[in-house]
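K.L.:
Before I ask anything, here is the structure I am working with.
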Amino acid sequence: MIHKFIWPLLTRRGPYVVRPQTVRFFTTGTSYFARAGLNTNRSFLMNLFGGKLQTAELFPYPEPLNEEQKDYARALVDPVHRFFTEVNDAVRNDETSNVNSKTVDALWDLGLLSVYVPPELGGLGLCNVQSVLMAEISGGYDLSLSLMIGAHKSIGTKGILLFGTEQQKQKYLPMLSTGRVFGAFALTEPGTGSDAASVKTKAVLSPDRKHYIMNGSKLWISGGGLADIFTTFAQVETVDPQTGEKRNKMTAFIVERSFGGVTTGPPEDKMGLKCSVTNELFLDDVKVPLENVLGEVGSGFKIAVNILNSGRYGLGAMLSGTMKTCIEKAAEHVTNRVQFQRNLIEFENVQEKLAMMATYHYVAQSLTYMVSGNMDKGSVDFHLEAAVSKVFCTEAAWYVCDEAIQLLGGNGFMKAGGLERFLRDIRVFRIFEGANDVLRMFIALTGIQHAGKDLRELQKAFGNPFGNFGVILAEGSKRLGRKVGVGGTDIGPFVAGELQNAAKQCAESMDVFSKTVESLLLKHGKGITERQFQLARVADCAIDIYAMVSILSRASRAVRLSLPSANQEVLMTQIWCKEASNRVQRNVHRIDSVAFNEHYRRMAVVAKTISERQGVAHQNPLEVN
């Protein structure tokens, strides 16, 4: 219930009305305005940084598909499995660094290269959750081919789907589906890497104002050698109509190879993902028609970020399938392998590995369907959640595959087992579509920036205490509660009875996390951007907390529906929440600890010395001065 002294402020007309965008009520830990259905940010993570519990996109676990959509997805399952078992040859693809034409034709026939394109334009018209199921299947067989598919159907096509005009969609989407023309996403450049906004490629308006003349080069373009249509980004000079100031603004373009001046280099020789070709793209005086600007001039960075955000869950989907296969191979081996007169599964250290591998897979799969499900339900506030899912799933896949190889021993190290190929293919997932180190900074700084806005609103409220009594009371009560250890977050009402202790561990992690974020803001202000040792731990806390709430929601669904796997899901959720809450406490200690701040200072000194010497600065024990 809303406090009786606060309610009049909500309904009062006049100079002392409390503004909806600033007042927040923590009667149950949830924003009053969120519960009232008014306009608010619905992201769980964004609100978590500000000390608020936003459950709109957590509980219940999202189930966006109706029965017809479920049937449509199920109808595709068997044909996709048959393609990967009867048509595709993952070993041959890896050995030859190529996919033969028969396999590519079968992909087009099956529709896997045009899953998002609407049926009226030649595609399958799948939603995000339906496409996740397809990507899971493919990732369990052949990650390299899965990436070739993903580079085209997702980032190679999504720009036109999300930002294209009706004319652009009508022209290009049939080409990218029934026309059997590959698309690619061309953003990265030799000197930019993760600093996407600083691309050097330029597009200059032609004298007749009918074309842009584009010059530059792009690096590591997935599917670049196959593609004939590129979503490409370049700097365009703009003039402020009021000040006359000239500025370069990144702009998105649809570029066809047929425009002329578009060439690609030879395929890169890579550690893994061999059959998914990666090429450099060269743009020499390419004439791009005005009507091929994607979105508005100057909106290129926003478009690039949105394309990447909307596709990141797809990486988790592929890797979920990979992890499943790794676990199956490990389970078969430890069940049948006999050592010291006992099956391997009878040893506790083997049990621990297998249980944690399955738990990591459960979390990764839960995150993938949580993010894609909310997107299908209309979420627009999923950017932090998408980044978290990308970081977690890519690191979980490496862990699971590595542990599977460990359990198989020498057999795991042999090519014939298939895990060696998976391990090589998995490694780059932590680098592309946003390197995980950069995404950790994105997660931490985006969330902290949002929390900082809340604190500024509180400062404004104190400047007008009579007009903002509600916000002061609510925020002050929250902060006081943190200090004395009462009135903490409670997610118990959303969670199954068997998971109440796990829910408590998660809620305690949320409270200590929010307190830590607030403390960092108050202590460092804008200087927080340079505290990257602390920011990395902030991001890790956020990742662990979102993983906890996601599986608490999914496991509660399993209990509610009495699913056959409900007991197993409850056990894995309990395991994860215990492990993750302990990590949160450790990371918070590292953030707050004077001793660890000195520890980080030592690391900085060591790293700078190594950089200056271009290698290790210590001598070999046998070296003589």
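Start at 1 and count along the chain as shown; that gives each residue its number.
Even glycines carry a Cβ here, placed using N, Cα and C.
Keep in mind the model is a prediction, meaning the values are calculated, not measured.
Positions annotated as domain 'Acyl-CoA dehydrogenase/oxidase N-terminal' by TrEMBL: 73-179. Under the heading domain 'Acyl-CoA oxidase/dehydrogenase middle', TrEMBL lists 184-286. The domain 'Acyl-CoA dehydrogenase/oxidase C-terminal' feature in TrEMBL is assigned to 298-444. What TrEMBL records for 498-616 is domain 'ACAD9/ACADV-like C-terminal'.
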K.L.:
Do you know the mean pLDDT across the domain 'Acyl-CoA oxidase/dehydrogenase middle' (184-286)?
P.N.:
93
K.L.:
In the domain 'Acyl-CoA dehydrogenase/oxidase N-terminal' (73-179), how many residues does DSSP assign to helix, to strand and to coil?
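P.N.:
Once the DSSP states are binned, the domain 'Acyl-CoA dehydrogenase/oxidase N-terminal' (73-179) shows 75 helix, 0 strand, 32 coil.
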K.L.:
Please list, for the domain 'ACAD9/ACADV-like C-terminal' (498-616), how many residues fall into helix, strand and coil according to DSSP.
P.N.:
109 helix, 0 strand, 10 coil
